[in-house]
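Note sheet for the following structure.
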Ligand SMILES: Nc1ncnc2c1ncn2[C@@H]1O[C@H](COP(=O)(O)OP(=O)(O)O)[C@@H](O)[C@H]1O
Ligand SMILES: [Mg+2]
């Protein structure tokens, strides 16, 4: 008898400015999922936040004994929060809910997908899902909080200043603290959206304004002059690191345009041309970063390698790009793990974590 196929829901698109990148990543993931093992269910999220299935109240508190509050679920309807329904709830009691899914694979980038919000929904829905959970996702998305945790763990990072909405700093002060040039970026974004390299006062105000368009918190970062090295990490409690790869940027920096539009903007060197000693150091720091930031499943750790051999961690991506030219899957391929096998591993890690968490006591 044929084994029952696991139903994998691939979630893609989303409300963030990285919607389009997610579509490209998802296409690649969907194509590579082994159809002999999985039934793939497509759920697209449009820019308004509505979930679209691809191809195909009441008296709840029982107060009869005031000392013993308990839920009275008799004759109560089951409801679900409607995503982006401005607080709308849907009555599920009359809905046919047989269409269960086994695992969710979020292929979403940026806010609402990579920041713990949708992960919280998965947890509430009690379903295994690929990648970091609520905390790891939230921390990994927030460059301010992420950098503070890394600093606490003695992981080398650049100097930075954080500004919250309404807070200001003069160009002179920023220059004094960080030197020139420096980078201005939203705390919660990705794909280089809203990021500018600032060299003079003229660019400064514009860059601050631009970053605040995408988030209520922004970072001003010291410029680290180094090679851009990325490392793929995979696993739950005992994660492993791939060989590092290098992004050779033929531009001022690795901007949105360089990443996705200009074909000659950057080239990937896989594996990066590095000494064994440096590879080891980068792998160790990448795994440490992944653990410190509470990540699970997958994560791509990016950093800068300076001329004197120091490796600064720049950031982690808790749902790394999965397009056909993306570094995360390409690095694993270079390690002998082709994309379909990598996806198998990610799905089994999701199930393994779920089973482990199901065993936790919920009463005393
Ligand atoms: N502190 C920095 N020093 C040097 N280059 C930087 C720095 N911060 C950002 N950059 C450049 O901008 C790119 C995008 O910044 P990053 O922080 O990785 O944001 P994102 O999450 O959008 O990818 C980097 O790949 C690098 O080219
Ligand atoms: Mg980056």
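Note: Cβ is positioned from N, Cα and C throughout, glycine not excepted.
What TrEMBL says about this one:
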- 18: active site (ACT_SITE)
- 147-348: domain 'ATP-grasp' (DOMAIN)
- 191: active site (ACT_SITE)
- 302, 315: Mg(2+) 1 binding site (BINDING)
- 315, 317: Mg(2+) 2 binding site (BINDING)
- 326: active site (ACT_SITE)
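Positions of TrEMBL features highlighted on the structure.
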residue: 18; record: active site; Cβ within 10 Å: 26
residue: 191; record: active site; Cβ within 10 Å: 21
residue: 302; record: Mg(2+) 1 binding site; Cβ within 10 Å: 20
residue: 315; record: Mg(2+) 1 binding site; Cβ within 10 Å: 21
residue: 317; record: Mg(2+) 2 binding site; Cβ within 10 Å: 22
residue: 326; record: active site; Cβ within 10 Å: 18
Length of the line joining the Cα atoms of residue 315 (Mg(2+) 1 binding site) and residue 191 (active site), in Å: 12
Close-lying recorded positions around ligand 1 among 18, 191, 315, where CB distance stays under 6 Å: 191, 315
Cβ under 6 Å from ligand 2: qualifying recorded positions of 18, 191, 302: 302
Listed active-site residues among 18, 191, 326 whose Cα sits within 10 Å of residue 302 (Mg(2+) 1 binding site): none
Local backbone state of residue 317 (Mg(2+) 2 binding site), from DSSP in three classes: strand
Residue among active-site residues 18, 191, 326 with Cα closest to the Cα of residue 317 (Mg(2+) 2 binding site): 191
Alpha-carbon distance [residue 191 (active site); residue 326 (active site)] in Å: 12
Residue 191 (active site) to residue 18 (active site) - Cα separation in whole Å: 7
Mean per-residue pLDDT computed across the domain 'ATP-grasp' (147-348): 96
